[in-house]
Amino acid sequence: MKLNGEKQESSDCSGGSKGKMTLTLALVALISAFGSSFQYGYNVSVINSPAPYMQDFYNQTYFNRSGVPMDSGFQTLLWSLTVSMYPLGGLFGSLMVWPLVNNCGRKGTLLINNLFSIAAAILMGTSEIAKTFEVIILSRVIMGIYAGLASNVVPMFLGEMSPKNLRGAIGVVPQLFITLGILVAQILGLNSILGNAEGWPVLLGLTGIPSLIQLLILPFFPESPRYLLIQKGNEEQARQALQKLRGWDNVDDEMEEMRQEDRSEKEEGHFSVLSLCTFRGLRWQLISIVVLMMGQQLSGVNAVFYYADRIFQSAGVDNNNVQYVTVSIGAINVVMTLLAVFIVESLGRRILLLAGFGLCCVSCAVLTLALSLQTTVSWMSYLSIVCVIVYIIGHAIGASPIPFVMITEMFLQSSRPAAFMVGGSVHWLCNFTVGLVFLYMEAGLGPYSFLIFCAICLATIVYIFFIVPETKNKTFMEINRIMAKRNKVEIQEDKEKLEDFHSVPGGQAEKKEISSSKL
């Protein structure tokens, strides 16, 4: 009798209504996010503070070699390469996602990825002693490849491990660590700490430490159970991984749900990027991911960060103190992303996406007004500070974290790696484009460039409102059914199959399912 009672209780839990946060799950989330996502954020902002000292080093090295000072045009080119090689590397990294996660597993990919980061950290840390600036530019590409892999594989890994009622919260953790990375780089980059002529090589080299920690600790944790069962066909290992992660022995319900997903996908096989783009059954999922990723990057978050210093200077903040203001913006970013971790399961993904992009849209519009009037109306410069803060809050609760959660949720196991590859490539390509185009846009349009961002946010809101479904607390199969209706793909068979499932013993259901999906 006791056994029966236990079984009842645990099947409730694994059914998802009470899937709880276990120590193992929490540690996997923290270690993979700290070892990978943290460094993505760290390297986004690490070269902002020591920029003048690094440019001096470029100049000095060039002068020592050739005996003539560096041409200012050449210096600008070298510096823009240093900045933009990072997102370009990110694009290359995203293109490596599909082959790596399918062949080496999710955990395996994260471990291999650490080698990129450690190599780049050593190269950047020793660049000054070696008197070579080319190595810094090369290291930025390597770090970009690292970040491109990390930004896609961590959400995939954690999303596949989480019970459905915690998937959103755990899915936001990587974004939380990205914002933490940005903040830590801003703090360490203060002039009084490492943002100076002596400290910058150390500042760049520190990025290898989280990787080293992850390389030592992550091997002791389980691989994604979905990968083990669906892609490796190893039921015993999948069951053990799931038991470790859930903290109880009876994981039958969840195993059954994975098998069901496995069976429904046997017909389709693994998706490559090309087959994903041409498959009608995933059309709206793919369009949604591309729109969300473009919205996330083209909504101007990089531009707002870039502009922030000038906005604060024009509001009368002293030049020496601007760096502290930048740190405080970084801190707001972290706090609001932390808030998103706690509210994403209660409010749902749709609300956060709509509210996030809504706040960004409004603040971009008001910011345009405030910036163009600040010379005539004295208090407008304070309004523009408020706009920057509201924008950061909007991006942190919705636009930054949720799109990656949605990729995990909208795709099943066979198409997920290809979907992350597409989403990741769009993410980094748009990031690269904004970095390249914004300086020209800003020169030509001035404050009015924010109107373009405002329009992009508005278009994204409209799309989300009409197309993107709510996915909280649903299994991957349930979400797949919602999207199948949108794709106008016949899912009548699915319903029959499910009824068969409950009424017929396993073997017959499987036979009938195969025959019905061949129809």
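Each Cβ is built from the backbone N, Cα and C atoms, and glycine gets one as well.
According to TrEMBL, the feature region 'Disordered' maps to residues 497-519, out of the candidate ranges 244-266, 497-519. Sequence-distant residue pairs (6 or more apart) of the transmembrane segment (136-158) and the transmembrane segment (286-308) include fewer than 3 whose Cβ atoms are under 8 Å, leaving the two stretches without contact. Beyond its flanks by at least six residues, the transmembrane segment (286-308) meets 45, 276-277, 325-326, 329, 353, 357, 360, 364, 388, 391-392, 395, 399-400, 402-403, 406-407, 410, 419, 422-424, 426-427, 430-431, 433-435, 438, 442, 449-450, 452-453, 456-457, 459-460, 463-464, 467-468 of its own chain at Cβ-Cβ distances under 8 Å. Here the transmembrane segment (379-406) has Cβ contacts under 8 Å with residues 151-152, 155, 159, 167-168, 171-172, 174-176, 178-179, 288-289, 292-293, 295-296, 299, 301, 304, 307-308, 311-312, 314-316, 329, 332-333, 336-337, 339-340, 343-344, 349, 352-360, 362-364, 366-367, 369-371, 373, 423, 427, 468, 471 of the same chain, all six or more residues outside its ends. Counting Cβ pairs closer than 8 Å and at least 6 residues apart in sequence, the transmembrane segment (418-441) and the transmembrane segment (21-42) reach fewer than three and form no contact.
Mean pLDDT for the domain 'Major facilitator superfamily (MFS) profile' (29-472) in this predicted model: 93. With pairs at least 6 apart in sequence, the transmembrane segment (200-221) and the transmembrane segment (170-194) have 3 or more Cβ pairs within the 8 Å limit; the two touch. Counting same-chain residues at least six beyond the ends of the transmembrane segment (200-221), those with a Cβ under 8 angstroms from any Cβ of the stretch are 24, 27-28, 31-32, 34-36, 38-39, 42-43, 46-47, 49-50, 53-54, 57, 107, 110-111, 114, 117-118, 120-122, 124-129, 136, 139, 143, 185, 188-189, 194.
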